[in-house]
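What TrEMBL says about this one:
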DOMAIN    91-424  domain 'FAD/NAD(P)-binding'
DISULFID  C137-C142  disulfide bond
BINDING   K146, G210, D408  FAD binding site
BINDING   G276, G277, S278, Y279, V280, A281, L282, E283, G367  NAD(+) binding site
DOMAIN    444-554  domain 'Pyridine nucleotide-disulphide oxidoreductase dimerisation'
ACT_SITE  H545  active site, proton acceptor
Amino acid sequence: YLFNIKLIISQITDIFIKILISFLKLSIFLFNPPLENFRRCCRLFIMATPIVAFSPHIGSCIFRSCREAFKINQLTKRCSSSRNTESNYDYDMIVIGGGSGGLACSKEAAELGKKVIVLDYVSPSPRGTTWGLGGTCVNVGCIPKKLMHHAALLGAAIKDSRTYGWKVPDKVEHHWATLVAGVQSHIKSLNWGHRAQLKSKNVEYLNVKGEFVDQYTVKVHNKDNTTKELTADNVVIAVGGRPKYPREIPGAMEYGISSDDVFFLQKPPGKTLVVGGSYVALECAGFLQGLGFDTTVMIRSIPLRGFDQQMAKIIVQNMEQLGSKFLSRCVPIAVEKSSGDQFKVTWKDREGKHASDVYDTVLFAVGRAPALGPLNLRNAGVQVHTASGKIITTNEQTSVRNIYAIGDVLHERPELTPVAVKAGKLLAHRMFTQSTNKMDYDKVPTTVFTPVEYGCVGLSEDQAFKQHGDDNVEIYHALFKPLEYSMAARGEQCYIKIVCSSAKPQKILGFHIVGPNAGEITQGFAVAMRCGMTKRDLELTVGIHPTAAEEVVKLHITKRSGIDPNVTEC
């Protein structure tokens, strides 16, 4: 009898955890005599507000009823009812921006029974490129980038296959148009899927521009040049960012393209100059070279600013090993039309010397800027950071009480799709339920999808030394060659580095790996780091052999020791 009661309490608790409701006390009041099938009155104290979970409005008070109420969304709505007030506004929430974060937030709010509308409009790039619902990640970021990265890896695998006994023609050609068509077909299926999801969750969607009239009012600009004003109790800004163009360089806007355009090119890019040292620049250069195009990267200062610089240098070395060329400490000063469809690019180095070359494609990847201009934030009183132009927030709340922001428009927050998605979901629950769960921007993992991937989470080596002091940090590292690379005699370097505190048990502060499938490896170690992983934990973990990931648990050489970190044993 008591066991059954405890089981019911446990199951009910699990359900409330699933809907992210913070509760302080769960108590069951038993009637005498006991009701058949444990049909009792159960009261959940959610923060300070008592919510009767099993009342006549929901059904009998056995676990099955709670589970069914959860499935049909009654329980979630019930738990958010204490935040409901009579409103004279058109919507509970207007979301401006249909990217990953905005869509996640809108759907979560709709699940909580709120009336939500999403406004999404994509301004064409300077080359006229535009796309559908889903934001940067789906259309011109993570998804097409990863597909083209994979296409390039397949090309490398074909070359390696000869060593493994496959009879492959000396010249294997790649068909660019087929790749682009396949990528675009997949993207369109995702666009359709997002629209279908919004419809299924009763989220309204308008493909229109939106701008603030005041903190509660958004004016929408319809395609027929008419306007309409919508009002909402809450507004979420999730418009993301767009690539920067160096407008001061003659010809850059007229003849250059960006990552907004490269995935839509109908003809092969040919000989390509990629301007910039960002992860976008290196990823694009990596897959273009891997697909057989002569590619040069021009970097003004350092590659991968904000990342561990030792790892960045290894990435550049690997790309050079695979054929990419680098112009370091150089800046373009002009782009002009050359013969045919080519472009002449003139640049100067750090000594002021000028040089030039001719390219088929000039791709600028010099950073991204928040797409906030059209929103007229001043009308609503939303403050932005003077230098970055991004919105200043506290737990995603702007300087205006009922206006929130998520994703790439936030000042000093990671510009990553999973970050925006997680922040959007948590925000919806804090707004419309009693949840107090906040987005944790610490220890966010990421991966740079260069030909040999770079995955990391936590502090870089330099950051650790600055925060903790040289004597309080220990670096363990290893240079290794994956088994697959060895037989194919590939020359790329693979490297692992963990940044630890010196004091026992040596808590791990940063994790870095350059190697095949680095993203897949990093994801698991990101979970471990959130759980407080130490160097001792790695030492006690049995590796999976033969894998690249096993080199992490085998780490034993410190940088301080000066011992050669090359792994020579099996």
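Using N, Cα and C of the backbone, Cβ positions are placed for all residues, glycine too.
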### Query
Secondary structure at G210 (FAD binding site) (DSSP, helix/strand/coil)?
strand
### Task
List nothing but the one residue from C137, C142, V280, L282 whose Cβ has the fewest other Cβ atoms within 10 Å; the candidates are the recorded positions.
C142
### Query
Can you tell me how far the Cα of K146 (FAD binding site) sits from the Cα of the residue listed as 'active site, proton acceptor', in Å?
27
### Query
Relative to the mean position of the Cβ atoms of G276, G277, S278, Y279, V280, A281, L282, E283, G367, the recorded NAD(+) site, which additional same-chain residues have Cβ within 8 Å?
V274, C284, P303, L304, A365, V366
### Message
Going by DSSP, is G276 (NAD(+) binding site) sitting in a helix, a strand, or coil?
### Response
coil
### Task
List the helix, strand and coil residue totals of the domain 'Pyridine nucleotide-disulphide oxidoreductase dimerisation' (444-554) as derived from DSSP.
38 helix, 33 strand, 40 coil
### Task
Have a look at the recorded positions (K146, G276, G367, D408, H545) and report the one with the fewest Cβ neighbours inside 10 Å.
H545
### Query
Any idea what the model's mean pLDDT is for the domain 'Pyridine nucleotide-disulphide oxidoreductase dimerisation' (444-554)?
97
### Summary
Simplified to three states, DSSP reports C142 (disulfide bond) as helix
### Cα-Cα distance maximum in Å, computed over every pair in K146, G210, D408 that the record assigns to FAD
31
### Query
So what sits near S278 (NAD(+) binding site) in its own chain, CB-to-CB under 8 Å and at least six residues off in sequence?
L304, R305, A365, V366, G367
### Query
Can you count the other CB atoms that lie within 10 A of the CB of G210 (FAD binding site)?
25
